[in-house]
Amino acid sequence: MDEADRQLLRRCRVRLVGELQVAELWDALLSRELFTRDMIEDIQQAGSGSRRDQARQLVTDLETRGRQALPLFISCLEDTGQDTLASFLRISRQAAGKQDPEAVKPLDHLVPVVLGPIGLTPKEQRVVKLEPSQPAQGNLTPVVLGPEELWPARLRPEVLRPETPRPVDIGSDRSHDACAPEKIKGHADMAYILDADPCGHCLIINNVNFHPSSGLSTRTGSNVDCEKLQHRFRWLHFMVEVKNDLTAKKMVAALVEMAQRDHRALDCFVVVILSHGCQASHLQFPGAVYGTDGCAVSIEKIVNIFNGTGCPSLGGKPKLFFIQACGGEQKDHGFEVACTSSQGKASDSDSEPDAVPYQEGPRTCDQLDAVSSLPTPSDILVSYSTFPGFVSWRDKKSGSWYIETLDGILGQWARSEDLQSLLLRVANAVSEKGIYKQIPGCFNFLRKKLFFRT
């Protein structure tokens with residue numbers, strides 16, 4: 001295996017180890033003579049003999065095989081029904097400039113091409129040579145490709161037209177390159193490949209009505225948010241499921257059930273939580289959201305349900321969390337700047353916060369993790385509707401500022417911009433609203449750009 005294929009395998013190792021179904025590969029690997037039976041037995045005994053250990057050893061040993069090892073391995077994946085992984089590797093290899101050997105024809109099978117007047121046959125052909133001293137003017141003798149015995153005998157020079165001017169190089173100004181996003185989308189090292197259809201699951205937890213003992217008010221307008229996001233994420237090729245009015249325990253149960261599903265054939269995963277929220281002790285992700293019973297679940301716990309241990313079939317794939325809830329009870333009055341938008345003058349008369357006072361004591365039924373030994377998160381993005389510690393505003397008729405803006409930005413720009421650019425647009429638009437101020441933000445641990453499928 002050449003160095004380019006080795007580098008590709010190393011870059012794709014996390015996804016391969018997370019998704020590879022090794023038990024289905026043994027016969028295919030033997031039939032294509034990629035590994036011997038003894039080598040396969042060694043792989044099967046690797047580590048604890050688990051699927052993950054076997055996959056890790058298989059990828060390591062694959063680097064030691066011949067030059068055709070990677071194309072043959074991709075064929076084995078296709079033979080065993082692991083088409084998503086095979087397609088991912090094939091596209092990544094093509095993006096790296098590699099070409100399948102079957103597509104390259106041997107030179108001895110090529111028919112010589114004659115550039116010149118039409119109608120000449122090989123019987124009439126002879127060698128035509130240019131003298132070195134002959135001036136290069138408008139009438140040029142045509143170039144002949146092919147064996148010397150097939151060169152034409154009588155050729156009339158043809159006038160070569162001036163070459164079409166090449167486009168002007170715009171240098172480093174990428175804003176003029178309309179094809180730049182498309183180039184990035186197809187490059188597996190720069191952007192997540194989201195070509196599965198459906199793209200993945202989207203779980204929306206919509207808490208509107210809270211138990212009287214919780215002391216939490218009804219979240220009027222949240223159903224508007226929920227309907228908008230159902231439509232939007234279906235448009236983005238997600239399978240959308242909605243869970244309404246869940247207690248804290250039922251929220252955790254719904255998330256765990258989703259994590260236990262098989263996501264191997266899918267490319268992405270989304271969680272949206274619409275609820276009241278508060279500050280919370282944390283090590284990784286701030287904030288918590290309330291169940292309808294008034295018990296809180298930390299954002300940190302929600303995210304870590306989908307880590308590599310809890311949900312291995314999402315390993316190496318983007319996991320997105322959108323949180324419409326308050327981060328605390330502070331109200332931001334903003335600070336004076338030169339007015340750039342009329343939105344800042346809008347009335348707040350029909351808006352209310354999703355805030356609940358932060359309590360460190362025994363209020364929550366779901367105890368927040370004080371110590372975490374979870375692995376470092378990767379391929380995760382958590383988008384918050386507001387800055388930690390501050391309220392998040394929701395209109396009783398049109399829904400929350402954050403969700404309304406997010407839906408509009410996705411609808412207008414998701415075809416051409418990556419997720420981080422979209423969220424910057426959301427943050428800017430929300431920051432211009434209302435008398436009280438709000439600005440969304442995110443914790444981004446994605447490794448690549450993410451372009452939604454539209």
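Note: Cβ is positioned from N, Cα and C throughout, glycine not excepted.
In TrEMBL, annotation is done automatically, which means it is predicted and not curated.
Fair warning: this is a prediction, and the values are worked out from it, not measured in the lab.
Taking DSSP states H, G and I as helix and E and B as strand, the domain 'CARD' (1-92) has 66 helix, 0 strand, 26 coil. Per TrEMBL, domain 'CARD' is recorded for 1-92.
Across the domain 'Caspase family p20' (198-330), the model assigns an average pLDDT of 92. As annotated by TrEMBL, domain 'Caspase family p20' applies to 198-330.
The domain 'Caspase family p10' annotation in TrEMBL covers 370-454. Here the domain 'Caspase family p10' (370-454) is broken down by DSSP into helix, strand and coil counts: 26 helix, 18 strand, 41 coil.
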- Note on the structure: The correct DSSP tally for the domain 'Caspase family p20' (198-330) reads 38 helix, 36 strand, 59 coil
